[in-house]
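Beneath this line is the structure, given in structure tokens, with notes to follow.
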């Protein structure tokens, strides 16, 4: 057999250091593009870029939702940038709820790892699909559709979600309606809700106008 | 020059009749796929498959919304199937509204051709973007985000929308909440709305449970 | 209920300010990428980025085509960048024509809003599809195929087009042949046109060589 | 307000029953396409199509690998068809290993929910990225790259994976080399392994030739 | 070690026979979809589906173009269906030309393997890029743009092309203008060519009207 | 007819100099993105960016493989950046082999232009597809699957490959196993190879650990 250097020569001719293949670990200091964050130089990438420990921590459910979402999107987990996949952890105290929301840019699979959760979604045809999920059950929420998760039973629950985008987005309906500056008359006009209800929820959820 | 048959021979060798290129006019009698409807045979396709006259008719605005949406999606307009584009017409009587909704599968450009319309959307970061649009104004609603359109001023309004999908979907929040069988306690849990309001709107919008 | 700050805390943990989701308003001063322009920082984005008024103005048809195209692509309308959708306005004086052309990167829907227009396209199989369109008619031109629009009847015409790309491109055949420096013998070789015709049209359309 | 029927009329004009939007639950009896399985009719879809309980069961690790993979791809979980997302459960007995493999069509996120696992991948530039993962750690394996998982420590381990495709594929290197009819001389030629080793492993892994 | 059957059991649990992964060999008797032809059952697929010998034969250049194109698109080469890649062979006699054309659905790389060829394309900005290519030169033609190839020098030429689609399409400008039933006055209107020239070329290229 | 300047005015209104359409020639000094390299300014692009002569040179086969791969990926051939197509040349001396490898990000078509080559791939279902290819034969290797090429017969061989990505990546199994720092016990664990074999090949292929 011939000496190794020839082989390495062969390899290095194929695999230029400026290659854009394989992965694109996010560098948040560079410009953002329609396809995600720009890439760190491969020479500075380490295994730590591909491992995220943030989902090992129980989320703080001491809030109005009695629930917490811990995301591992490309903003938090640079290694998934450009790979069309990301994840999140969901913690539910008793009575916890992840209210009606959409992910504008992703489908989701949702796995219950502890406790019992009632989960569901509503289709464009206005059909309702919901079911009580137990430990080990997996549910899929198609892209962009309204869905929700509600803790059930006598013990807290935990679930993990994965998304078909590194940046699925999250739009919670009640926050979109009552948690910003959208004027109350406009909220009422586009939802049919009455004035009293809108103003009450704006107070609770921090909305103005 | 050589006789024509040689050229036609050349052509036909390149362009087999079973070619899947160029377009895929929907045949609704064949199986549907994740990429859209199956295609009609090219030999049966005519120019009528690529022209849709349904948007020339004023929509009937005698309804609760005082507005009408006339779609030209692949279900109605077979020629757009597989081409990542579709359209719709929106008519607004005075007081008309297209309530808060999303298109789960498409971004939208919205062009006012008559009257005045207040239109807006809410982002994943819960920022609100809205503006009064006049004749000729074009607004874009990014994919999957909650948005709305409300007629303004003393005359009816007309707008045309185009979508980045042949089947953008349409999910109206108030119908998703109050126009189906989603149980009232669940609606209340995932929206923070109170029981009275939910039950009142279920009556108006046809919901049960 | 718990105080609002807890909820906002929850929200901000999910929606990092460096998020790339939802939209990517073009910043033309940053590098361009295969997926479009780089994005403006979300904190500098306003509703004006999502509204374009340039299509409200009648195009100047005092030219050789007696027609005008006013684009709302990502170069003109920063808000559509990355969203796979864009639009344009077409004005036709009497006798106006948008000559044979392609959009290399997009399918198109074309809506007549005033007057009468004869429009058509030619397929890869060399089939011809054309029809006289009246106000309200919508036609689709599949991606990359040669197509044209010609004003008909006694009054000017207006149409609006939408495209399945934020940068559909536009390649007019006669300008590609006669409006640049492609040498006449080469033009003749690749089109079968005769020398006299090519040189005559080069004079009209500004070509050299 | 006007009576409900008008609203429903409005709705049904927008949402044709032949709509292809939202989701495409796999019908394995219909033709398969490059984009996945054909879709069940929406009228026959129920919530059960979107929930999969197969991952709640511990895999049988009484095999040569001391490990088991339980997939929830579109073949097993019809609801994910067309949605660019799927999942799997991985069980490891002590000493268990998921040997060197690729998913030709997907990136993967891998979440340890019990025990300790050493996981890693190798890049196109032949860099090695591996790390010991503990409960709650999430690792990403970019599309198509060789990767592996090995149980560590004194207790069994469990992990869940999600993929950026409904049908990620799975190609285990040692099975590709030693578990089929690829002739031994050819295996040796394309791997540099010696004849004795190849024949020994063919016996273990069921290969012929 | 444990017996083999356990391993095979493991394998078969992962790799269901109804899997849609890896490839989708075209079955032209099944419905065509926007993503290409439906797939043959994997059990009937053989290596012959993945090998195409049609490009080994010199094309017949005894025609008006003194050139021949032999395609290996999904209609001819079932194995490339769904894989976003295809190929073609181009033969040029002395004086041969592949006239001005586009591939509506694909970018192309073009490799000269014999002789000398002048090749070029025109951009959306109406810039002209052309160069004389020698044996071994590779040129790229971006998707949808007008391009051409002309034999040069004293010997025949051969080239191979690959495309970023299994069905790139082929639209030859002069055939689109003069080789079908598009009425002459319309051709003249959309090209600025004069009546005499159009009628002359229609005779040569088989057009009517 | 009207004077030319009007037409040019028309053109320049449509084709802004900041357009991102048509192509995106790689500028390796700018940030890399998930969609490839950032683009050179169009004003600095010349025909040389679209022509690559590197494949005209016979690769140096004086190495352990008796084979050479010369890539024309976006790192070497800036013009293909963003166009989902690239190419490579493969030279085989007698006895030459391109060992078992994958392209994580692309499907490949492989054309033999000289000599005889035995080529094959293995599917996710562990089926083996291989065949002896002669001059002019074209074979396709679906994305991400393990494949190989071995010279046959009494004369050297040459082949050209094209890929469905501008940066297909290349992962050679034996180098991934024996040509880096992956610890020997780990290699043995994830492949079932024995210690002696692993250490022998690490010496040959430059591995450590």
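Glycine is treated like the rest: Cβ placed from N, Cα and C.
What TrEMBL says about a protein is an automatic prediction, not a curated fact.
If you check TrEMBL, you get these features:
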- C:101, C:103, C:108, C:147: Mn(2+) binding site (BINDING)
- C:103, C:108: oxalate binding site (BINDING)
- C:24-C:39: disulfide bond (DISULFID)
- C:53-199: domain 'Cupin type-1' (DOMAIN)
Cβ neighbour count within 10 Å of residue C:108 (Mn(2+) binding site): 26
Distance from residue C:108 (Mn(2+) binding site) back to residue C:24 (disulfide bond), taken between C-alpha atoms, in Å: 22
Same chain, 6+ residues apart, C-beta under 8 Å of the C-beta of residue C:147 (Mn(2+) binding site), given in sequence order: C:100, C:101, C:102, C:108, C:119, C:120, C:121, C:122, C:141
Residues in the domain 'Cupin type-1' (C:53-199) grouped by DSSP into helix, strand and remaining coil: 25 helix, 58 strand, 64 coil
Long-range Cβ environment of residue C:103 (Mn(2+) binding site), under 8 Å and at least 6 residues apart: C:141, C:143, C:144, C:163, C:165, C:168, C:169, C:170, C:171
DSSP state at residue C:39 (disulfide bond), helix/strand/coil: strand
Chain A neighbours, restricted to the recorded positions C:39, C:101, C:103, C:108, C:147, by C-beta under 8 angstroms: C:39
Sparsest Cβ surroundings (other CB atoms within 10 Å) among the disulfide-bonded residues C:24, C:39: C:39
Subset of C:24, C:39, C:101, C:103, C:108, C:147 (recorded positions) with C-beta under 8 Å from chain B: C:108
Protein Cβ atoms within 10 Å of residue C:101 (Mn(2+) binding site), excluding its own: 21
Check: same-chain CB within 8 A of Mn(2+) site center, minus C:101, C:103, C:108, C:147: C:102, C:106, C:121, C:141, C:145, C:146, C:168, C:170
